[in-house]
Structure formats: structure tokens, C-alpha cells
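Feature annotations, reproduced from TrEMBL:
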type	residues	note
DOMAIN	36-83	domain 'PAS'
DOMAIN	311-532	domain 'Histidine kinase'
DOMAIN	559-677	domain 'Response regulatory'
MOD_RES	Asp608	4-aspartylphosphate
TRANSMEM	6-26	transmembrane segment
Amino acid sequence: MLTAPTPITGLLAACVVLMAACLLHWHRRLRTMGSQRDVLAAIIDAAPYPMVARDARGRFVAVNVALEDFLDIRRQTMLGKTMEDAGVPPNIVAAVASPIARARASGQRVDETLRVRDAAGEWHDLLFATQPLRLPDGTEAGTVSATIDITAQLAAEQAALEAKRVLDEIADALPVASFQLCAEPGGRYWFSYFSAKAERYRGWSAERLLAVVDGEYPSIHPEDRLKMADALHQSAAAQSAAQFELRILVDGETRWLRLFVGAPARDPSGQLRWSGYAGDATDEHRQLEALAAARAAAEGAAQAKARFLATMTHEIRTPLAAVIGALELLRGSPMSAQQASEVALADNAARLLMEILDGILDYSRLEAGQLALESLPLDLRALVESVMQVHRPAVAAKQLAFAFEADARVAVALLGDPTRLKEILLNLIGNAVKFTAQGGITVRLDLLEDMEEHQRVSLSVADTGVGIDARQQEQLFAPFSQADSSISRRFGGSGLGLAICRRLAERMGGTLTLQSQPGAGTTIVLCVTLPVAMSPVPQGVAGRAGPPPPLEPLDVRKAILVVEDHLPFQVIMRRQLEMLGQDCTVASGGEAALEQLRQQRFALVLTDCQMPGMNGFELASRIRASGPGANADVPIVALTASAGAEVARQCHDAGMDACLAKPVRMDDLRACIARWAR
């Protein structure tokens, strides 16, 4: 029932008062002209609600069209008759009798909600108002009544109450608190609603969260009030949802509240309303803080390790590159057979040391998750053949059989990292060659599963070597471990090869397994799933079988600037370039290099990356930024002891054209000059 004053009850009262005034005026002017009576009747008929006037004996003296339509009784039938005599349905007569009687007895207007059935048998909820009429001398003149059908409104209110009940049940079942947040056009924000669920969050209460002091929420951390306003401002500007977090001060304790709001709605007054939910994120923040502290400590240690490795890489690889370069130059000089043998021994030892250093660096990158994998089209058959080509001299020297068997069902082009797959195969075949004294080595490529867009393949290397017992196999894939210490003494190595191979296989989503028995040889199998490439393998990619194409002879003498701070490597680079028939100018640092570039036009710049003062990256950027000039577009190739994707990216970003890894081999240097020197 409608008990509180509403716009409808006010309108109804106005209708009753208007009709009473009209009828009293009409009663006093019974002898006025008929046209005046017609005007009063027209005023009553204009009302959209059923209206009726009765005399002191309860007979109809005036009705309007709306009442005729509601009762489905014409006014000629009703005028001068009581409700019963006019044929008004009994249930309506019974319903209105009580409020009419109370109004007559009290002399005051009576409003009441009634439920009646109309002539068609349909139920209606009615707001019924009755006003008693008295003449100036106090004589009772009758009553006037007006009725408003509020069936639809009550149904809507009932539906709203039911919807609220359902929403309250849902909100109570959720692990979060629901709320409504409002903002005035002037920018002041406040919570207009916060569900009781908030009270379950460790002593919070909706009243405390909704408390406003001078337009500020004391429960919201002062530093976060502006953050909330910014988030809501952006949400309003973009008409989009928003999520933000606030710190709530409760009994001296700071807790985290995570709020999510939908896109705001705007009412006619310009006020914005956001509906959303909030949850306690305190425990999560504490866990994140603990995790962040642990991560910071771990990252600090990792960065220190990375800095150490980067420094050691440069500091060890650069002089080692000079040693290898000097040995390469020495091999091209006239010498006796004994001297050549001694140089070959020194060169092999230096290159083994370089391999060990590279292995340590690769394992460190894998351990830190810093080794990125490429996804390029590759031909596994050609890749295997290229690796076998590398090992053929050693295999021939030991008079071993060397075979490759390939499953024809394996796709010609797959997507993978050719460099890392080649690295794994080089290690596996190299181990087989190292530990096989007689018999042979067989490499197999098999299709394990064809999944249309992917293929699961295996690459196996089987040898007839010494084999490994079960106990030693357990240690084989551990870093810095070998089957026993005598292997390291006999064959050399760091014990990192298989550990790196297994880590690489796992990074590719594959496996690396080993089967072996002492005296019966070893089979090691790499299994990986690779996507089938939609395009063929481009010519000349890493892994293509066969020797490299012959280099064009360097029949033109060109001016080349070498920027290097390490004196022994300066000597090596100068000697290598002289042997290739090139003019070499050496600068010991970036500033000296810029001065040389201002004085002379060069065909190529070869620069170290890590130098004191101006490093190679800064030097390249300065050259490229120098604008029009003789050397602004000079090709720049990095000489780096720190091979890797990150260094390659830095070189590219600095404007360099290519990279050469130290130690610089003569054929690589020759190819670089042929390719880049202008």
C-alpha cells in the first residue's frame, strides 16, 4: 500500500479539492444559467481520473467520463441514484463504503488504497480519496471522491522489491562488497551505497567507509584519494570501466581495497553514478611485497652475476681473440713441419678454451632465462648434413663409418631456431666422434607424429663408442659434470655440453634422452614438436648443406678504420687487414675515431663495442647523427666479444650495419669487407 505522501497522492488530493470547490460553487448557484453549469461539468470531465459527487443521501449528482469508462455505466444511468441502484459492482460498493463513512463522520478527507474488481472481472489497486462537503451553514451537502488506478505502480514497486531481494541475496553470496559511487558536476565524490558485506572485511563497516568529513573520506589513505579521483575522471571521460586500488585506514591498520567500476551513468542533473564491487586485497599485497623483496634480491644477485659474466666475457675473450688471431696469422707464415704442428696444438687449445667460455656463457643465459629462441624456416636434412660436414675430417681421421638416414615424411620446411638446433647437433655428434674409437656413427631423422600444422620429430645420434653405465648417466646432464673425472683429463671440456643441450631442448618444448651401455655404444635422442612452415627455406640460411660460396677476391685496396682499445688486438687487426690488401688506420677510442673521420673518408669502420669513455654504440650514434658529410653513411661493423641477441639489438639501434664476433677469422673478415666496404 502507498502510505507515504507521493506525487500521486498529492495529485489526487488536488483533484478532490478542485471538484469539491466546483460543486460547492455549483450548489450555491443552482439558479445560475445552464451554461455555467456546463462549464463546471466540463472542468470535471477534463480530469483524467474517475471523479464523482454524491449528495447527503449518497445519490450521484455529478460524474465524469473517466468514471463512466471505469464502471462501464453511462452517467444518465447513475445520476440521481445511489451506487446500489445505479448497478455499481457490489465489491466496489463494499470497498468504498468504509472510507466514505469515515470522511462523513470526521469531516476530513480520507485517502485509502483499495483492491477491487472491475466489470470485466480484472483486479485493480486503487488510490481512493473522499472529501466531505458542507455548506457555509455547516449543513452536510454530500461527498466528492476521486480515484487513481495504481495497479501498474504497485506491480512495479513489488517487482523492484523482489529484484532488490534477489540482488541482496546475490551480493551477500559474493566474496566482495558492492557499492555505488556518485560524483557531482563540481567534482566531489561520495559513496551513496556500500553493501553490508563490507562489515565482514576485518572490522570494516559501511558507515565508516561512507563517513565524509569536509568532503574527504578519512578512511581512505590521503595519498590515494587523488588516485581514485584520477581513475574516475578517466572513466567518465572515456565512458569506460575502471579498476583501481586504495589503502583503507581501519583502527590504525592500513588495508588494501581493490575496486572495479563499470562505465558511469549520468542522470538529468549531471550527476555521475558508478556501480561496482570491492574486495580485500591486503593479503595479496603482502604476498606481492614479500615476493618483490625476494625477486629484488634475486635480480640483484642475477645482475651482479650478469655484470661479472659480461665483464669476464670481454676481458677474457678479447685477449683470447688476439691469441687465436695471432696463431691464424702465424699459420700463414713460412715454418717447419714441427713449428706448424706446435702452432696447430696452440690453436686447438685456444679454440677449446673459447668453446668452454662460450658454454659457460650459454648456460648462464639459459639459467637466467635470457636466451631467446628464433622461429625461422629450416630444412632439418640440410641442417644435419651441414653439421656432419663439420665433423667429417675428424671422422675420416679415425676411419669411422658416418651415415645419415632421414624419414621422407618429415616436412621439407619447419619452423624453429636453426642456430640452437645446430648447436645441439654439433655437441651430440661431437661427443659421438670424441668417444668412438672404432665402428661408426649414425644420425637419424624420424617422424614421430604428424599433426597437420605441426610435426613431432626425433633426431638421434647413435655411436659404437665406449658407452656409459647407469650410475654415470645420472650425472651426465648435470652442469659442470662428466661421467667421470678421467674423461675431462682425457678429452677436455667443461662438462656443460649436454646440460646446455637438454636446457635448449626443454626451451623448445622438447626432450633429450640417452640410452647407453658400457662397451655397446650410446644413442642420444632429441624430440621436438615444430610447426610446419608455410614458406620454403630461403637460400643461404644457417643449416644449408655444403661449403660456403667462394668469396669475391679483394682486388681493390680500401681505407678501413679500426677502433679498438686493446693493443694486442689492434696489432692483429692491422696485420689481418694488411694481408687482405687493405689500408688500415687504428684509433684507440671513440674521440680519436671521430677525429680520424673528420680528416679522411673511409670505406668501412670496424669498432669494438666495449671501450672506456665513448663506447662503440655511442660512436656509431655520433657518426650517424653527424648529418651530411663524407663519413655520415660509412658502413659500421661491430667487433664484439659479447655475442648474443641483446648485443645485436644494441648494434642495430645504434645504427651499425653488422657484427663480427671476436676472434675474427680471416675468411669472416674478408667476407665482411667484400659485403660492406663502400
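One is the number of the first residue shown, and numbering goes on along the chain from there.
Cβ atoms here come from the backbone N, Cα and C positions, even for glycine.
TrEMBL entries are annotated by machine, without manual review.
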Can you check what DSSP calls Asp608 (4-aspartylphosphate), collapsed to helix, strand or coil?
-> strand
Counts of helix, strand and coil residues, the domain 'PAS' (36-83), according to DSSP = 23 helix, 10 strand, 15 coil
Whole-number mean of pLDDT values that fall within the domain 'Response regulatory' (559-677) = 88
